[in-house]
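S.K.: My questions will all concern the structure given below.
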């Protein structure tokens, strides 16, 4: 019984089809060209369709982190007009930092010379300007996130300066240490022979950054003396934050970040080194990869063309097929252009990842060309053109159909993945594979017909003029003929030498042993595969962003961003006879005592301390009233307003948020940390959500 009935039917169909192409090749040649020209109009939409590389493109659309972030934003939304509280920010858009280190490797940065250089750098950064839509010059103070100076800031300054010193009404997000140093210089004070009190700096840090963690978060490689005072540091963080709530503000902020990166690329100081990360870093550095890929397209096209032409030429002006080889390469190129054009015309976006698609599809398309050429060469040269084409397509077209279908299924599965960047890449690849298959059975088939007609008419392979006789000796010409029919040299090697070698018993044992060893090593390697995606993986090897991320992990990994923990739907929870504040406090403690966290800036603890100091008595009945009308109305507790959500009638506590300080969370343990926090939230007595900025890039989001 034969099981190749489907293959035989396909072979017969392709054989019949080849007869149509042989009799009428012109439409099969012209129509693909016209289609390609029409669809390449879509390439004019390239700039509008291009989507900048942002982390969202590499985050699954169904990731749990997206839902967590949406819920956090819905409950505790932050506007640019709100006071800037560093520990409560979950939006990393239009924010970044500069890491300042000593020019000498691991040199101390807390000395007057380095501090003065850092202050000068920050002053220049603040003065960088860009033009808005009205051609106005905009600098950092014009677009930074600002906030009123609270009483704590004046208290901290007055502890350093004269009590009657005037302070500015508002200030931009920056490093308190640099701001303090500037004020010290203005007041003719000096750091010489003075140690830096960590508590004093913490007060200033609270005022400017609203971060109760203190200056240790803005200094890296900190060393303390016996009195727990900062004795030295190896790196300093200069953070910034820009307003971006409107499209106009976001456009200006983007221009300023690009201007900042351009300036720092040229910045050189004999005293300090500057490393930086902006919100535009990933997009700007990926754009360099994109331009490099674009510049590689033409050399790749030429190299493949030369190689294909060389493979199609023999020692015969008549039987060499250089134009057939070039036609095969052009067939693949036309397919890629048509695929990109039709998707751009359909409104598809495009990322830098999709720019690697032409190289993959190009190789697949040219590979199929060689399959057709090999099938043609295996047909007897004594047969008619129509018979040889029929045998060629009956043999090769089935193979091309199977391989194209395999590629189509592979890329089609990729279109179903939840990663937007992968979806876009695979969508373009699917379209390119389809067009490649169609053009090979039409455009390239027509070129094969014209090439074989030229050969039968005894015309020159390049100039097409009539040949009177072969210009090389008959023996060499005859070898050329046989090379087309039997692929003599390569085929003979595999048919005799190589096959005899494989049939040797000793060789077979060695090959099987090596293969088993290979499988064992490969299986072990699979257990060591690193899962997850980080911004570092998306950057070119020579990117300044890679260097900055390494510096950040080296000097600032001990204390990172905040873990946001919130309890919601609390008005529906009955905790009687227990008190809600006691239940909340126990929940908070769970997140503070893990290997990845330190303390928290809890509104509840501050509230309970305030109530105790004021001599107030709280009960379940007056808890929300005192919280709303007494505690949160105090200016010094303004930052906690965004941590509490009351019910619509203002009678019940609906949601509570606590920022918990992260520490020792790096690329190696991000997924483990995230799973731990989510597990704590799932086992909580109250409905709880958790979120940290590294959740978006953890591979665990897909589970």
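Any Cβ shown, glycine's included, is placed from N, Cα and C.
TrEMBL labels come from automatic prediction, so no person has curated them.
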S.K.: If you check TrEMBL, which stretch out of 296-317, 472-493, 538-559, 560-581 is marked transmembrane segment?
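M.R.: From TrEMBL, the annotated transmembrane segment range turns out to be 296-317.
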S.K.: According to TrEMBL, which of these ranges is transmembrane segment: 217-236, 237-256, 257-276, 357-376?
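M.R.: Checked against TrEMBL: transmembrane segment maps to 357-376.
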S.K.: Averaged over the whole of the domain 'SSD' (293-450), what is the pLDDT?
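M.R.: Mean per-residue confidence for the domain 'SSD' (293-450): 87 out of 100.
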S.K.: Would the transmembrane segment (428-450) and the transmembrane segment (323-345) count as touching if the test is at least 3 Cβ pairs under 8 Å, pairs 6 or more apart?
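M.R.: Between the transmembrane segment (428-450) and the transmembrane segment (323-345), contact is present.
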S.K.: Which sequence-distant residues neighbour the transmembrane segment (357-376)? Criterion: at least 6 residues beyond either end, Cβ under 8 Å.
M.R.: 293, 296-297, 300-301, 304, 308, 311-312, 321, 324-325, 328-329, 331-333, 335-336, 339, 388-389, 391-393, 395-397, 399-400, 403-404, 407, 425, 428-429, 432-433, 436-437, 440, 444, 448, 484, 487
